[in-house]
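Report on one structure; see the data block that follows.
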Amino acid sequence: MALRFPRFSQGLAQDPTTRRIWFGIATAHDFESHDDITEERLYQNIFASHFGQLAIIFLWTSGNLFHVAWQGNFESWVQDPLHVRPIAHAIWDPHFGQPAVEAFTRGGAPGPVNIAYSGVYQWWYTIGLRTNEDLYTGALFLLFISAISLIAGWLHLQPKWKPSVSWFKNAESRLNHHLSGLFGVSSLAWTGHLVHVAIPASRGESVRWNNFLDVLPHPQGLGPLFTGQWNLYAQNPDSSSHLFGTSQGAGTAILTLLGGFHPQTQSLWLTDMAHHHLAIAFIFLIAGHMYRTNFGIGHSMKDLLDAHIPPGGRLGRGHKGLYDTINNSIHFQLGLALASLGVITSLVAQHMYSLPAYAFIAQDFTTQAALYTHHQYIAGFIMTGAFAHGAIFFIRDYNPEQNEDNVLARMLEHKEAIISHLSWASLFLGFHTLGLYVHNDVMLAFGTPEKQILIEPIFAQWIQSAHGKTSYGFDILLSSTSGPAFNAGRSIWLPGWLNAVNENSNSLFLTIGPGDFLVHHAIALGLHTTTLILVKGALDARGSKLMPDKKDFGYSFPCDGPGRGGTCDISAWDAFYLAVFWMLNTIGWVTFYWHWKHITLWQGNVSQFNESSTYLMGWLRDYLWLNSSQLINGYNPFGMNSLSVWAWMFLFGHLVWATGFMFLISWRGYWQELIETLAWAHERTPLANLIRWRDKPVALSIVQARLVGLAHFSVGYIFTYAAFLIASTSGKFG
């Protein structure tokens with residue numbers, strides 16, 4: 001008999017139904033469950049797939065550069081970044097006739113194009129790229145790196161080049177490589193690029209391979225470094241009248257602590273960023289050398305963790321046993337990595353708009369909105385993934401004997417306290433926040449808006465004041481003009497920071513009021529509820545009072561039959577599934593808040609947000625409905641405009657989202673009956689019955705149907721909001 005898909009599971013390959021195909025796809029990447037897997041092959045497969053992932057990333061970034069160089073308008077954008085709209089790529093085959101061709105021909109292009117809202121133009125401009133040739137060179141280089149990555153992945157699957165399990169489990173060497181080799185060296189290299197290429201470019205000087213060795217990045221070269229006069233590198237920074245990309249008003253400093261923003265570009269000073277990356281490089285180069293590798297000096301991770309036993313005895317045996325638990329569990333490591341990456345991605349979203357690093361990106365409002373939303377959604381998915389793999393760790397990898405009375409075991413032992421506290425916090429936030437919103441709605445409806453309950457966020461305002469915001473009149477720390485911190489800030493460190501905090505032309509410490517207070521607590525509700533579901537899923541993954549033997553059923557199971565009532569929907573997978581809905585809900589509130597606050601800020605009518613955000617009808621009417629009007633009018637009986645593609649995507653997103661409910665509400669029995677009826681009809685229809693199938697058609701499992709429903713819900717939700725966001729912002733600001 002010929003080998004059938006899936007080759008990695010003989011049991012599935014011999015399944016006579018279509019379950020073979022769907023379960024095969026579902027478990028293709030679950031290497032641990034494959035027939036002939038060994039620990040060594042598991043690690044090697046994952047290692048090789050990392051190179052494949054890198055190849056895809058480099059190919060994708062190469063494609064961005066290539067298409068902008070080929071079909072974009074980078075060189076004309078560079079001449080006037082604030083008024084030329086950056087082109088992402090051409091539209092090959094514009095449908096819907098001449099009106100569409102005219103609507104999408106913009107940015108000085110000869111034909112229909114898509115506008116770039118990704119910020120790549122600003123990024124490339126900031127780091128010193130100026131011509132299409134520069135972009136082509138970058139694209140080719142990244143294509144080369146992509147090919148190298150593919151070759152490396154293939155090479156590490158060959159017998160001679162396969163790393164051993166001991167190599168993968170050498171934690172200290174891995175820390176050395178990742179901290180010093182990847183973070184440290186790459187940060188140092190990036191500092192080098194900023195100092196040698198980007199900063200000269202910002203001052204009108206082009207540094208390329210042909211003059212790279214001739215141009216001194218600083219008039220005194222390496223002299224100050226070797227003589228210990230490092231402060232010379234900070235002297236004579238760019239002036240406040242500096243025109244970015246020219247020598248007008250330019251200085252000679254390369255490593256500064258100015259603080260605040262370049263007045264023209266509204267982005268952080270390049271010399272501050274070079275200084276930052278140099279500091280990061282220094283820290284990580286040291287951090288990577290703290291652990292014992294080949295030379296018998298430095299810390300051993302195992303010794304460190306085993307020594308972490310708090311003397312009071314309140315945490316039992318502390319971190320004893322954790323080294324082997326983490327080092328032998330890929331799911332634990334992946335959970336930690338995803339949790340870290342999720343937090344970092346959300347921080348990227350927050351900092352890209354509040355402390356913009358790229359020249360002129362702060363004035364490209366649609367790009368700001370798109371990047372914030374993009375990074376917050378990605379953070380949400382990554383964070384839910386972290387808890388999913390944490391739960392899989394508890395089911396597949398956790399060994400109670402190895403972890404007796406350590407912090408991990410003790411957390412499992414008092415999980416009831418953790419879960420009930422999260423539940424209490426969620427209930428408190430939910431009832432109080434909704435109560436305030438609904439009270440305010442009723443007051444508005446009865447024509448007595450003055451009876452709203454409006455709470456000033458005084459603690460948050462106090463924190464903003466402590467960081468230098470003076471408008472609240474708190475007179476504390478950095479907002480206290482007589483304090484030592486304020487005076488030091490004026491001269492010694494970050495003199496531009498206090499100006500930036502108190503200017504109204506950026507998004508640093510926006511003025512907040514009762515509307516912000518309410519939506520902050522709505523978001524807190526979403527975060528706590530999502531966390532409750534995810535934490536409960538992981539802590540109950542091995543078993544609960546209701547189902548003590550849960551771990552024997554694996555990560556995802558629908559129920560344990562009709563004999564054990566109430567065992568449906570309690571697998572760790574079900575917790576992940578429910579949490580994703582709450583995560584999307586939360587990110588929705590986060591992005592609605594950010595977008596509405598900023599739209600009113602950019603339009604100069606902040607009072608609209610302040611007055612309408614204190615009750616639910618305000619959000620529905622003055623944010624969602626008001627801003628979707630242009631979108632819904634993207635095409636009409638009289639023709640179409642450049643928002644039509646977003647109008648179509650808005651409709652299509654709703655369709656995909658609604659399709660999700662078909663799978664989420666009607667379950668397996670319905671589909672099984674439908675399939676059997678369709679199969680009966682097929683077999684009795686002339687011509688159609690000439691086509692036969694080897695696998696008996698059966699409905700998806702309950703868990704799979706839920707996944708299909710969840711995927712449609714998520715994709716539709718994001719498509720709908722992406723179209724709304726981009727159309728409503730670009731429709732107002734271009």
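Cβ atoms here come from the backbone N, Cα and C positions, even for glycine.
The following features are taken from Swiss-Prot:
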BINDING   Cys559, Cys568  [4Fe-4S] cluster binding site
BINDING   His654  chlorophyll a B1 binding site
BINDING   Met662, Tyr670  chlorophyll a B3 binding site
BINDING   Trp671  phylloquinone binding site
TRANSMEM  46-69  transmembrane segment
TRANSMEM  135-158  transmembrane segment
TRANSMEM  175-199  transmembrane segment
TRANSMEM  273-291  transmembrane segment
TRANSMEM  330-353  transmembrane segment
TRANSMEM  369-395  transmembrane segment
TRANSMEM  417-439  transmembrane segment
TRANSMEM  517-535  transmembrane segment
TRANSMEM  575-596  transmembrane segment
TRANSMEM  643-665  transmembrane segment
TRANSMEM  707-727  transmembrane segment
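Here the C-alpha separation of His654 (chlorophyll a B1 binding site) and the residue listed as 'phylloquinone binding site' works out to 23 Å. The listed stretches are 175-199, 273-291, 369-395, 417-439, 517-535; of these, 369-395 has the most Cβ pairs under 8 Å to the transmembrane segment (575-596).
Rounded to a whole number, the distance between the Cα atoms of Trp671 (phylloquinone binding site) and Met662 (chlorophyll a B3 binding site) is 10 Å. For the transmembrane segment (707-727), the partner stretch with the most Cβ pairs below 8 Å, chosen from 135-158, 273-291, 369-395, 417-439, 517-535, is 369-395. Its own atom aside, the Cβ of Cys559 ([4Fe-4S] cluster binding site) has 16 Cβ atoms within 10 angstroms in the protein chains shown. The stretch from 175-199, 330-353, 517-535 with the most CB pairs below 8 A to the transmembrane segment (417-439) is 517-535. The local packing around His654 (chlorophyll a B1 binding site), expressed as other Cβ atoms within 10 Å of its Cβ over all shown chains, amounts to 15. Counting Cβ pairs under 8 Å to the transmembrane segment (175-199), the top-ranked stretch among 273-291, 330-353, 369-395, 517-535 is 273-291.
Annotation for the residue listed as 'phylloquinone binding site': same-chain Cβ neighbours under 8 Å, separated by at least 6 residues, are Ala699, Leu700, Ala705.
Here the Cα atom of Cys559 ([4Fe-4S] cluster binding site) is found 18 Å from that of Tyr670 (chlorophyll a B3 binding site). Counting in whole angstrom, Cys568 ([4Fe-4S] cluster binding site) lies 18 from Tyr670 (chlorophyll a B3 binding site) by their C-alpha atoms. Packing against the transmembrane segment (273-291) from elsewhere in the chain are residues 171-172, 175-181, 183-185, 187-188, 190-191, 194-195, 198-199, 234, 254-257, 298-301, 357: each is 6 or more residues past its ends and has a CB under 8 Å from a CB in it. Non-local neighbours of the transmembrane segment (517-535) in the same chain are 384, 387, 418-419, 422-423, 425-426, 429-430, 432-433, 436-437, 455-457, 460, 575-576, 578-579, 582-583, 585-586, 589-590, 592-593, 613-614; each lies 6+ residues outside the stretch with a CB under 8 Å from one of its CB atoms.
Of all the Cβ atoms in the protein chains shown, 13 others lie within 10 Å of the Cβ of Tyr670 (chlorophyll a B3 binding site). The Cβ neighbour count for Met662 (chlorophyll a B3 binding site), using a 10 Å radius and every protein chain shown, is 14.
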